[in-house]
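Everything on this sheet refers to the single structure shown next.
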Amino acid sequence: MDRKEATEKTPLLSKGSSPFGVIDCDKSSSNKPSSANMGIFYSLRERLKNRVLLVDVLAALFGMGAWLSINGMYTQLPLLVFNAPEGWGLPSYIVVLIQAANIGGVIYGVMQQFCKGKVSDSLFISILMFIGCLSLLLMSFFYGQTVEIGGNLHSVPLLALVFTCALVACTSSVLFIPYMSRFRETYLVSYMIGEGLSAFVPSITSLLQGVGGNPVCREVNSTDSIKKYEQYVPPPLFSVSTFLVLIFCLQLLSFISFILLKTLPICKKQRNSQSSSSYKNNNENEGVRSSMMPSSPEKGRSLTSDGDNGRGSAFMTESHDFESSPSPVTAQTKKMNNMTYTVFLIMQACASALANGLFPAIQSYSCLPYGNVAYHLAINLGSMANPVACYILFFVTFTSLSAISLIAFPTLVVAVFIFVTATMSPEPPLVNTSSGEALVVISWVLFTGLVSYIKLAIATRFRKNGGKGLFWYGAMTQVGSAIGAVTGFALLNYTGVFKSYSPC
């Protein structure tokens, strides 16, 4: 055997190699990686291969703008409820408006049906993102203005602008993801990461902002015979207006990122080829169905994203690569019987009713008796728990009915405690104690994280099952969310079940 033959038949002695096992990563060896290559660095190299970092960044910034405005506004509720005439009931108005904003997705679907091909998706997205930017800018100046209706003052400018922001967020669920399917699938993961940041970034900013402290009663304009008192809330590090301007800048950055993603030649090269148009259409349809995630301030989606959103759907996207050739384990879980199918849909509807409708509406009554700081931490840490729970699902996956039911039990226990604290307001258990404040914050964070995990686990199971599972998943999500929102609004505004208080 000559030296050339020995070199060809001995991979570790290939050209440029050393006796210490350093492997030459040439073209031939990269096609058939040996076991020595199958490590962290090889995996990272494979993920970064044949992708453009600029497109990843632009896709993530584009995704961040989906639910950024709603998530940003939601983190300001601990500061808004003390100045708005709706008081502690302000979140119930916002939750109903967010559910009503789902009409945007319906209108878009109808227009696509009757005006197909006449108006491009990119034009729709540009209009939506412009509306989102304008709404945030106007909100930063007029959020404190009120209008008298029927003898009562209402935050009409704030609520109207919340609706337009929610219109952008809810419509993005059926528009942004299908648009991203025009690009190579690997960039959809970057988009999903950006959707997760739409909850994470406002929460971090709001935590830095703070709330100044709990409201106190102080004496004002007192005379010798008459003493007058008013409620005083210590100011945060920076105002609500400043916060909304910062969120506006991020939303504008997301809008610019979309324009660059659409126009830059380097981005156009990363789009799917025309020969894979059928693949693209399938991706668009799947994207529309899978994007029917919970429409909630937590998004996400989330998700969230229930998104889900929120926002957290990165797991579903990443796992799609492996579904074309399912493993034996996947094949065993492909089809669900009718009972399991129905139970999952009922669980999804109930989880959405609580997490997207009822509980966001009553959160102020559950937390504010323990102090404004507790409410502030519960909202922001809970928003951060949403994407964290979705990323946990990426590594630890439980999608069987028994496993999800087991997770649902502690979730139900925490939910009962939260509801009890809200109904017992203004004197819930352990009020005026540090342990009570810590307990209510931990309860809200656990509830948000567990429900997020359950909803995405159910979505993952329906995706594996195939058929119209994700369609019914999205339908039950919207039905449950709407029922929860209307129920919360009615209980808060037309019954005396939930009571607020003032220190004065």
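Quick reminder: no glycine exception, Cβ is built from N, Cα and C everywhere.
Automatic prediction, not curation, is the source of TrEMBL annotations.
Noted in TrEMBL for the protein shown:
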type	residues	note
TRANSMEM	52-70	transmembrane segment
TRANSMEM	90-111	transmembrane segment
TRANSMEM	123-144	transmembrane segment
TRANSMEM	156-176	transmembrane segment
TRANSMEM	188-208	transmembrane segment
TRANSMEM	237-261	transmembrane segment
REGION	273-310	region 'Disordered'
COMPBIAS	273-285	compositional bias 'Low complexity'
TRANSMEM	341-362	transmembrane segment
TRANSMEM	374-396	transmembrane segment
TRANSMEM	403-426	transmembrane segment
TRANSMEM	438-458	transmembrane segment
TRANSMEM	470-492	transmembrane segment
* Asked: Going along the chain, which residues at least six beyond the ends of the transmembrane segment (438-458) come within the CB cut-off of under 8 Å?
  -> 293-294, 298, 306, 308, 312-313, 315-316, 344, 347-348, 351-352, 354-355, 359, 363, 366-367, 370, 374, 377-379, 381-383, 385-386, 388-390, 392-393, 397-399, 403-404, 407-408, 410-411, 414-415, 417-418, 421, 428, 430, 473, 477
* Asked: Can you find at least 3 Cβ pairs under 8 Å between the transmembrane segment (470-492) and the transmembrane segment (341-362), where each pair is 6 or more residues apart in sequence?
  -> yes
* Mind checking which residues of the chain, 6+ beyond the ends of the transmembrane segment (237-261), have their Cβ under 8 Å from one of its Cβ atoms? => 55, 57-59, 61-62, 64-65, 68-69, 72-73, 75-76, 79-80, 125-126, 129-130, 132-133, 136-137, 139-141, 143, 201-202, 205-206, 208-210, 212, 267
* Would the transmembrane segment (374-396) count as touching the transmembrane segment (52-70), i.e. at least 3 C-beta pairs under 8 angstroms with sequence separation of 6+? -> no
* What else in the chain is close to the transmembrane segment (403-426), if you only count residues 6 or more beyond its ends and a Cβ gap under 8 Å? -> 344, 347, 354, 359, 362-363, 365-369, 440, 443-444, 446-447, 450-451, 453-454, 457-458, 461, 497-501
